[in-house]
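For reference, the structure is listed below as structure tokens.
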Amino acid sequence: MSSIFPYRLYLVVSQHDCLGRDIVWVTEQAVKGGVDVVQLREKHLSIADFTATALRLKAMLDTYNVPLIINDNLEVAKACSAAGIHVGTTDIAPSKIKALWPQCGILGYSIEHLDQLYTAEAEHADYLGISPVYSTPTKTDTVTEWGLEGILTIRGLTSKPLIAIGSMNVDNARNVIRAGADCIAVVSAICGADDPAKAAHEIRTQIEKAL
Ligand code: TZP
Ligand code: MG
């Protein structure tokens, strides 16, 4: 298990994905169910609203000792003293982040093709997002799917923690961990569930079975 990223169930959350319910409530339920790391991924909010949401989430998560990671926005990450930042290949380069934000604890980087694994940028990451494992209506600008084969391949090539994202749910979490992922990242199977705590608990149970 990685010391910088020992987490197993990763909630990626936005206000929009919570289907009209408060993001702090949904996230707290998810944490009670077994989520142990959270990423706030807001694509349509102003910086002021993104920051306000981050501060509210951070205050709640601190009481559970669960780290908050901010998607792709250094200003918000700094403003809320987040645990880290997550970027994709078209965002701020990982090689620049620690100079711009020396307090950054966890640096996550999503890879969509195998050649991205071999870049110097990937070397800077504390964990790699395998994006997407399966295509998903939650993020439609993806081109390929890694599938279980992709996870197996990457697992053989790096010792960095691997986070699986894209249509992860209670039915596929176990096989994805068995294929070599360290952590399962979820949006809709938890944020969209009637009972987010129960949904998180069921996925967490499958992860633990596979370890
Ligand atoms: N990156 C790759 S797939 C994805 C992101 C943010 C969305 C995953 O959402 P869901 O609803 O868990 O499939
Ligand atoms: Mg991005």
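Keep in mind that glycine also has a Cβ here, set from the backbone N, Cα and C atoms.
Annotation comment: TrEMBL describes Gln39, Leu40, Arg41, Glu42, Lys43, Asn71, Ser110, Lys139 as 4-amino-2-methyl-5-(diphosphooxymethyl)pyrimidine binding site. Residues within less than 8 Å, Cβ to Cβ, of Gln39 (4-amino-2-methyl-5-(diphosphooxymethyl)pyrimidine binding site) and separated from it by at least 6 positions along the same chain comprise Tyr10, Leu11, Val12, Val13, Leu68, Ile69, Ile70, Asn71, His86, Gly108, Ala185.
Asp72 (Mg(2+) binding site) has a Cβ environment of 18 other Cβ atoms inside 10 Å. As annotated by TrEMBL, Mg(2+) binding site applies to Asp72, Asp91.
Residues or ranges marked as domain 'Thiamine phosphate synthase/TenI' by TrEMBL: 9-190.
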From the Cα of Asp91 (Mg(2+) binding site) across to the Cα of Lys139 (4-amino-2-methyl-5-(diphosphooxymethyl)pyrimidine binding site), what is the distance in angstrom?
-> 16
Expected list for ligand 1 (Cβ under 6 angstroms, binding-site residues Leu40, Lys43, Asp91, Lys139) reads Lys139
CB < 6 Å to ligand 2, subset of binding-site residues Gln39, Asp72, Asp91, seq order -> Asp72, Asp91
